[in-house]
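Below: one structure, written as structure tokens.
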């Protein structure tokens with residue numbers, strides 16, 4: 001029986017999985033937390049698992065296969081949890097073609113891609129290949145070996161079939177030949193056929209009914225036939241099928257399985273007293289086995305089976321001739337043998353390994369992470385919008401009060417002292433550092449801005465340089481430069497960079513507005529920073545208005561202002577409540593993903609935000625409406641208060657100064673808040689830009705690594721290309737052997753007199769007719785013709801050793817010299833004394849018999865003499 005077919009493993013380059021995964025984990029999860037530390041340890045374990053599965057030779061044992069399967073399950077598990085792509089987590093996986101042996105000038109074909117799908121396909125290929133090797137190593141003389149072999153062949157068939165269905169969608173370009181759909185589809189058929197063969201062997205060993213065995217064998221022959229047909233697509237499949245015994249082995253096994261089917265069906269025919277059918281089937285089986293023995297004897301040994309069939313055939317013929325005299329039907333008249341399949345490709349359902357434990361079990365998928373990020377943004381927008389509304393309302397209220405000089409107007413009834421509200425504001429400004437604080441904050445802004453600009457420009461410069469290099473190489477190698485253009489790959493990063501640049505431009509405008517407002521109120525703010533005596537001296541005095549003290553309108557204004565202060569305090573509490581709300585949407589998103597397969601983030605987020613923030617946003621709106629009513633009442637009461645006040649220029653001037661001081665305080669508070677917020681913004685933006693720079697640096701480094709690998713592969717492929725096209729043979733050598741057309745005789749050429757003639761050399765010895773070399777009887781190789789002018793061959797005479805050449809000198813350096821193409825079997829090392837760079841051509845005088853070549857048993861066809869023969873002058 002023929003040996004079983006197994007598949008070689010693919011080889012890969014080492015990849016550090018831990019570093020990029022740890023970097024992503026550190027950027028995504030809070031630093032210092034147990035969750036981050038746990039995931040970082042898991043990333044290290046994953047990198048070790050890859051080295052264990054792919055970084056060392058594997059034994060042909062199920063334990064080694066278990067390691068491969070665990071790694072495959074793990075990368076399938078992490079695929080939805082990490083954003084593996086060229087512009088996010090960029091991991092370049094390099095794999096060599098399993099069937100390509102390379103060349104003298106370069107290694108085997110390999111492909112490097114930044115695709116986890118590519119890694120999955122290659123790892124699954126190795127799982128299937130190792131399963132085929134394990135099955136081929138089994139002892140098929142016991143049930144355990146048969147069971148293991150059948151199981152592993154069916155798994156290998158299913159794995160190859162899975163690659164066939166998924167490889168094109170997993171890769172962004174054409175795969176190497178070994179994992180192309182045609183190749184893995186054929187391998188799947190081969191593995192399935194061998195699994196069926198194992199069941200046939202099991203049925204034979206258990207001595208099951210011949211009808212069942214015949215059907216199993218016939219189905220196996222069918223599978224082997226399908227695989228044999230697939231292998232005939234030479235351009236689509238690797239050389240593996242033609243140079244490592246697969247192609248002839250498949251052909252032999254198809255015939256052997258068909259012969260087994262006929263043999264066991266003949267036994268069934270004998271049992272049914274159909275002796276003619278028995279003989280016909282045995283004859284067909286004998287023909288099939290004879291064909292195998294004659295064509296594929298090098299690969300299979302069918303002597304025992306052949307003897308078994310021949311004995312059965314001889315006995316059947318003898319019995320039929322002497323006893324039954326049953327007519328032997330033609331093969332085409334026989335009923336077809338049925339088929340019974342007991343095998344099918346094992347589907348690939350993750351996890352495949354029975355011992356798989358997910359290292360990142362608690363990590364949520366990327367889709368959930370993305371939904372959480374969008375939800376966090378929605379939450380931040382809602383909170384910021386509510387807080388902004390309250391702050392704007394407070395600013396509006398302060399502005400209205402400042403324009404009305406309240407509460408200073410109702411406190412300043414004496415007209416010659418600083419109102420208490422102004423003193424309070426002055427004290428607050430001094431405690432916060434006064435104008436020195438504002439000056440220092442404004443001074444720091446340009447430095448922070450410049451730092452962020454430099455980080456952003458450096459990040460974009462890295463992309464520009466790599467893209468320019470990629471464009472240069474693409475222009476140089478044209479279609480050979482097969483990788484994603486940097487211009488397309490960097491579009492998301494450039495869009496992100498443009499967004500950061502726009503943010504910085506807006507920040508510059510905001511900084512300008514803050515500085516402009518500060519300059520317009522700087523003097524008044526400086527006045528608030530002065531001690532009380534200086535402040536009192538700077539405020540004009542007015543006539544006393546003691547009669548207004550305790551009036552009804554003043555009491556109404558005080559009550560309204562007190563209510564407004566209460567609203568402001570409530571807003572501070574609401575703002576803290578809005579900021580302090582904290583809840584996790586992970587469980588809801590995971591539940592939705594498990595139930596529906598997708599996450600409707602918008603619907604879930606809006607519903608949950610309304611539930612949690614609905615009460616707080618209602619209070620915010622009530623606060624805004626209450627303030628609106630209070631401001632209207634304050635303005636009405638202030639009009640009455642203004643009518644009651646004594647009207648003079650000094651009072652008006654004093655009121656104007658007090659208004660400016662109140663406005664200056666409000667602007668100071670707002671300026672300090674804006675400047676601190678701007679400083680915080682720039683510092684946070686620096687962290688974001690540093691991450692952006694790291695992202696750009698990582699992808700540029702990965703692209704450079706990919707570029708170096710691609711350049712190396714291109715250099716090797718260029719080195720493997722022929723340096724010059726092959727020279728076609730002369731016309732007189734391309735004529736068919738044995739043809740009757742007379743080769744045209746070229747015109748005689750005159751040799752220049754200045755050239756010395758070569759010295760005469762003796763002719764080679766002539767061998768007697770009874771010493772014809774054995775190689776002389778070999779058939780001349782294709783493409784070497786025989787001139788029609790040669791004398792006809794007689795039995796026992798030596799054939800001409802070479803086609804007759806032109807009757808002019810062919811020695812290098814002489815006119816008319818033309819180097820002849822080497823024969824396909826030429827090997828200069830078979831010559832003992834001369835290593836000639838071209839095959840010599842014999843010349844003879846008209847009528848002279850050709851010279852036979854010396855005997856060289858190791859040469860597959862007649863050899864010319866080792867010295868050129870020159871015509872005697």
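Including glycine, each Cβ sits where the backbone N, Cα and C put it.
Fair warning: this is a prediction, and the values are worked out from it, not measured in the lab.
Taken from Swiss-Prot, the feature compositional bias 'Pro residues' covers 745-767, 792-808, 849-865. Among the features that Swiss-Prot reports, compositional bias 'Low complexity' is placed at 768-791. The domain 'BRO1' feature in Swiss-Prot is assigned to 3-397. Under the heading N-acetylalanine, Swiss-Prot lists 2, citing similarity to another entry as support. Swiss-Prot lists 215 with the feature N6-acetyllysine. What Swiss-Prot records for 484, 742, 745 is phosphothreonine, and it gives similarity to another entry as the kind of evidence. Summarising the annotation, Swiss-Prot assigns phosphoserine to 486, 735 and lists similarity to another entry as the type of evidence. Sequence annotations record features per position, and here Swiss-Prot assigns omega-N-methylarginine to 749. According to Swiss-Prot, the feature region 'Interaction with CHMP4A, CHMP4B and CHMP4C' maps to 176-508. For 423-873, the entry in Swiss-Prot reads region 'Interaction with SDCBP', with the evidence type similarity to another entry. Swiss-Prot lists 508-873 with the feature region 'Self-association', giving similarity to another entry as the kind of evidence. Sequence annotations record features per position, and here Swiss-Prot assigns region 'Disordered' to 719-808, 837-873. What Swiss-Prot lists as region 'Interaction with TSG101' is 722-725, and the listing cites similarity to another entry. What Swiss-Prot lists as region 'Interaction with CEP55' is 802-811.
Local packing around the modified residues 484, 486 was summarised as the count of other Cβ atoms within 10 Å of each Cβ; on this measure the leading residue is 486. A straight line from the CA of residue 484 (phosphothreonine) to the CA of the residue listed as 'N6-acetyllysine' spans 52 Å. Between the residue listed as 'N6-acetyllysine' and residue 486 (phosphoserine), the C-alpha separation comes to 58 Å. Residue environment of residue 215 (N6-acetyllysine) contains 22 other Cβ atoms, counted within 10 Å of its Cβ in all protein chains.
For the region 'Interaction with CHMP4A, CHMP4B and CHMP4C' (176-508), the mean pLDDT of the prediction comes to 88.
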